[in-house]
Amino acid sequence: MILRSLECRFLTIALCDAAEPWQLGSQDAATPMMQGIIDLHHDIFFFLILILVFVSRMLVRALWHFNEQTNPIPQRIVHGTTIEIIRTIFPSVIPLFIAIPSFALLYSMDGVLVDPAITIKAIGHQWYRSYEYSDYNSSDEQSLTFDSYTIPEDDPELGQSRLLEVDNRVVVPAKTHLRMIVTPADVLHSWAVPSSGVKCDAVPGRSNLTSISVQREGVYYGQCSEICGTNHAFTPIVVEAVTLKDYADWVSNQLILQTN
């Protein structure tokens, strides 16, 4: 019982960076972009609660006071200047309060870094992904590239998430501005990591750009968010954020393996 209690308490404070069964809320924010999305959701939800309370009160009050038992002869009110002004202005002001922070967040998300520290190209295939780190070239002037396949359902290791783990993760340094270039090799794909607040579609014939800056170390899981064929559900995305030193060591090892 004590171990079970400690386990539940640990799960309560542990960060959520992958989808969970019956999950209703968002995953924990790993980037300023995702934190902005969560904050905007909370702000809009506040206005929704106000509208719900106001409309419910008006509805209950109308049903309570204006019925056949309490008021057999209905009142005939055909005009009310004050209430008409209020019910016209009030619904117009609420969307304004919602639109201003929404557009501010939208334009900040749409902005692409002019001079990012690292550029990573994600190429969608049926049904795996290829990644290119064009900032690091090996001796034969080829970019650091590798393929990322999902680990089969019957071959996971202890601690790996079922149908969410891959053989080669996307390793990035934490607290570093990154630029993602997303494009497909065949059909429509998408590169989406909920904890990062990123969903960038891979449209045939186009290269879409998005920016990302992971603020804490960890492993973040995502999946393809556009129907891309039979194995659409089996193309996960795994991003591992590490320290800058560990990232440099990983790049060095990958370049050595690629040249051999």
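Yeah, the Cβs are placed from backbone N, Cα and C, and that goes for glycine too.
Sequence annotations record features per position, and here Swiss-Prot assigns topological domain 'Mitochondrial intermembrane' to 1-35 (among others).
Residues 26, 29, 94, 97-98, 101-102, 105, 108-109, 197 of the same chain sit 6 or more residues outside the transmembrane segment (36-56) yet have a Cβ under 8 Å from a Cβ within it. Summarising the annotation, Swiss-Prot assigns transmembrane segment to 36-56 (among others).
The topological domain 'Mitochondrial matrix' feature in Swiss-Prot is assigned to 57-88. This prediction places the mean pLDDT of the topological domain 'Mitochondrial matrix' (57-88) at 78.
The transmembrane segment feature in Swiss-Prot is assigned to 89-109 (among others).
Residues or ranges marked as topological domain 'Mitochondrial intermembrane' in Swiss-Prot: 110-260 (among others).
In the three-state DSSP classification, C224 (Cu cation A1 binding site) falls within coil. Under the heading Cu cation A1 binding site, Swiss-Prot lists H189, C224, C228.
What Swiss-Prot records for C224, E226, C228, H232 is Cu cation A2 binding site, and it gives similarity to another entry as the kind of evidence. For C228 (Cu cation A1 binding site), the same-chain residues lying six or more positions away in sequence with a CB closer than 8 A to its CB are G124, Q126, W127, V187, L188, H189, T235.
Among the features that Swiss-Prot reports, Mg(2+) binding site is placed at E226, with the record citing similarity to another entry. Counting only same-chain residues six or more apart in sequence, the Cβ atoms lying under 8 angstroms from the Cβ of E226 (Cu cation A2 binding site) belong to L188, H189, S190, D201, A202, H232.
Compute the center of the Cβ atoms of C224, E226, C228, H232, which mark the site for Cu cation A2; besides them, the chain residues with Cβ within 8 Å of that center are G124, W127, L188, H189, S190, S225, I227, G229, T235.
Sequence-distant neighbours of the transmembrane segment (89-109) (same chain, 6+ residues past either end, Cβ-Cβ under 8 Å): 33, 36-37, 40, 43-44, 47, 51, 197. Other residues of the same chain near the Cu cation A1 site, with their Cβ within 8 Å of the Cβ centroid of H189, C224, C228, are G124, Q126, W127, P184, V187, L188, S190, A202, S225, E226, I227, G229, H232, T235. Cβ neighbour count for H189 (Cu cation A1 binding site) (all protein chains, 10 Å cutoff from its Cβ): 30. Cβ neighbours of C224 (Cu cation A1 binding site) (same chain, under 8 Å, six or more residues apart in sequence): G124, H189, S190, W191, A192, H232, T235, I237.
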